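In Swiss-Prot this protein carries:
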BINDING   Ser110, Val111, Leu112, Pro113  (6S)-5,6,7,8-tetrahydrofolate binding site
COMPBIAS  299-310  compositional bias 'Basic and acidic residues'
REGION    283-310  region 'Disordered'
Amino acid sequence: MRLVFAGTPEPALPSLQRLIDSARHDVIAVLTRPDAAAGRRGRPSPSPVAELAAAHGIPVLKPPRPNSEEFVAELAALAPDCCAVVAYGALLREELLAVPALGWVNLHFSVLPAWRGAAPVQAALAAGDEVTGATTFQIELSLDSGPVYGVVTETIRPTDTAGDLLGRLAESGAGLLEATMDGIEDGTLTAVPQPAEGVSIAPKVSVDDARIRWELPAHVVDRRIRSVTPNPGAWTMAGELRIKVGPVTVPDDGPKDLEPGEIRVGKKHVHVGTATDAVLLGTVQPPGKKSMNAADWARGARAEDIRRAR
């Protein structure tokens, strides 16, 4: 099939590469978001998908308004049979959806109808789900609600961060997307409506959402931190410093008398109290510095910065 691939960040790369390598499909163009500021100097930089497409000599489309009449006409002129989407980053309107004869197929990183929205991996981890997955479905106007072509599942491991889990789903989802494209081309695959029950929403995670709430139980603090690692990154105030906090553990032999947010510094360990057990900090990143061992940070910190996290 003649395919246009729409995607932007790194998790979309395995899917694009699978379709490029496929002997059955021809990726005739890539649709991605416009160059965005990156690095300390904030210079505009192409998306990971744009870079991979350019490396393979595939035309790259970066419309600032993908639903504009001008871009709808530009896409129609390419005459794609189908458009595949992985984390493109913009909602598509009716006129654009009508361009390819076989529609638009999205790879979404959850088992729909669970966790529709922008942050399904983060939501699954924060909720304490034991299993998640990836789904291919036909895009409709309403958010992530279209009929489903296929699903793969993935067990969530106790130490998974969002980065870990998304990396595995990006790989397994790439195979699912290729198989879905094959089935659509063959006419052997039929999309099945999503069930009305079990719908949940996963909105985009903001920096404010990533602030650690030490008044929650330890196991909730643990999974909420992992759900925003590496991005946007969990953080807390320690004294007057805003520090990023890496994944924590909940040791059986940790102190039992700490109040939520109270910090206790040992020779080799730093514990912080929660609503239940204390958690053991692994790494922290103070402002303007690289990530470091929490105990090393505490030894060099001011006394007022290591009394309480909030």
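Each Cβ is built from the backbone N, Cα and C atoms, and glycine gets one as well.
Looking only at the binding-site residues Val111, Leu112, the densest Cβ neighbourhood within 10 Å occurs at Leu112. Over all protein chains present, the Cβ of Ser110 ((6S)-5,6,7,8-tetrahydrofolate binding site) has 24 other Cβ atoms lying within 10 Å.
Sorting the compositional bias 'Basic and acidic residues' (299-310) by DSSP state (H, G, I as helix; E, B as strand; all else coil) yields 5 helix, 2 strand, 5 coil.
Same-chain residues with CB within 8 A of the center of the Ser110, Val111, Leu112, Pro113 CB atoms, the (6S)-5,6,7,8-tetrahydrofolate site residues themselves not counted, are His108, Ala114, Trp115, Arg116, Pro120, Gly133, Thr135, Asp144, Val151, Gln194, Gly198.
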